[in-house]
Amino acid sequence: LMAIAWMLNFGGWNYIYYLDCMMNNYEMCLISFLVVLAGMTKSAQIPFSAWLPAAMAAPTPVSALVHSSTLVTAGVYLLIRFSKAFPNWLLNFLLVISVLTMFMSGLGANFEYDLKKIIALSTLSQLGLMMSILSMGFADLAFFHLLTHALFKALLFMCAGMVIHNVKNFQDIRFMGNLSIFMPLTSVCFMISNFTLCGMPFLAGFYSKDMILELISMSNLNMFMYFMYFFSTGLTVCYSFRLFYYVL
């Protein structure tokens, strides 16, 4: 809100007309920084990421709507719309923060036992992936991954809700198991959404994640960032198979 009010001082909210001014004027750089900060808070990037796993006490359909396609992706969408207005130093800052978020949430999901928190941390990891590819200048690809992620993550949340309902409201994955015998349809949907999260070929997540990793390989990132990207992708596969092992 502060950034919006401040932007009005420049004569209007249509920032396209003063994009050149944005790169040179320190006040416009500060406004851009405030917009990035708002997007980071909304999308739960480090250091604002504590609220997302803690907000999983809602009923499952609400979680599916809020944590896959509406609330947390609003920050990414905001930054996609403003992506032309950010100077290079701000994009580099956003890249470092988002890659750290992706890595930390992937690591956290591998040591978590609460089913809904694992899925929330996986959402956080994918948000970090969207933010990082956005900060490299591929806003269209970030939006494509946002759409595919909303589809399969909503399915994963609904399947998790079915599983929790059928094990008498236990959310600890250590109390689950053998559900593929008792709930075959839910298990199949759970497997499909998990495979899509991993980036299994010819599923929705494959097309966006493969393109992202391909563009990272072609970019001029240093080896540390390159390693963090691919290690975070490996962590995604790791916690997905951990869910398979415990739940199904």
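Glycine residues also receive a Cβ, built from the backbone N, Cα and C atoms like all the rest.
The structure displayed is predicted, hence computed values, not measured ones.
What TrEMBL says about this one:
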{"type": "DOMAIN", "residues": "1-235", "note": "domain 'NADH:quinone oxidoreductase/Mrp antiporter transmembrane'"}
{"type": "TRANSMEM", "residues": "15-38", "note": "transmembrane segment"}
{"type": "TRANSMEM", "residues": "50-80", "note": "transmembrane segment"}
{"type": "TRANSMEM", "residues": "86-107", "note": "transmembrane segment"}
{"type": "TRANSMEM", "residues": "119-144", "note": "transmembrane segment"}
{"type": "TRANSMEM", "residues": "150-167", "note": "transmembrane segment"}
{"type": "TRANSMEM", "residues": "179-204", "note": "transmembrane segment"}
{"type": "TRANSMEM", "residues": "224-245", "note": "transmembrane segment"}
**Message:** Can you see whether the transmembrane segment (224-245) and the transmembrane segment (50-80) are touching - at least 3 CB pairs under 8 angstroms, only pairs 6 or more apart in sequence?
**Reply:** no
**Request:** State, in range form, which of 50-80, 119-144, 150-167 has the highest count of Cβ pairs under 8 Å to the transmembrane segment (86-107).
**Result:** 119-144
**Prompt:** Taking residues 6+ outside the transmembrane segment (50-80), which of them lie with a CB under 8 Å of any CB in it?
**Reply:** 35-36, 38-44, 86, 94, 108, 112, 114, 116-117, 119-121, 123-124, 127, 130-131, 134, 139, 142-143, 146, 149-150, 153-154, 156-158, 160-161, 164-165
**Asked** Under an 8 Å Cβ to Cβ limit, what residues of the same chain, 6 or more beyond the ends of the transmembrane segment (150-167), are close to it?
**Response** 59-61, 63-65, 67-69, 73, 115-116, 119, 122-123, 126, 175-176, 179, 182-183, 186, 189-190, 192-194, 196-197, 203-205, 247
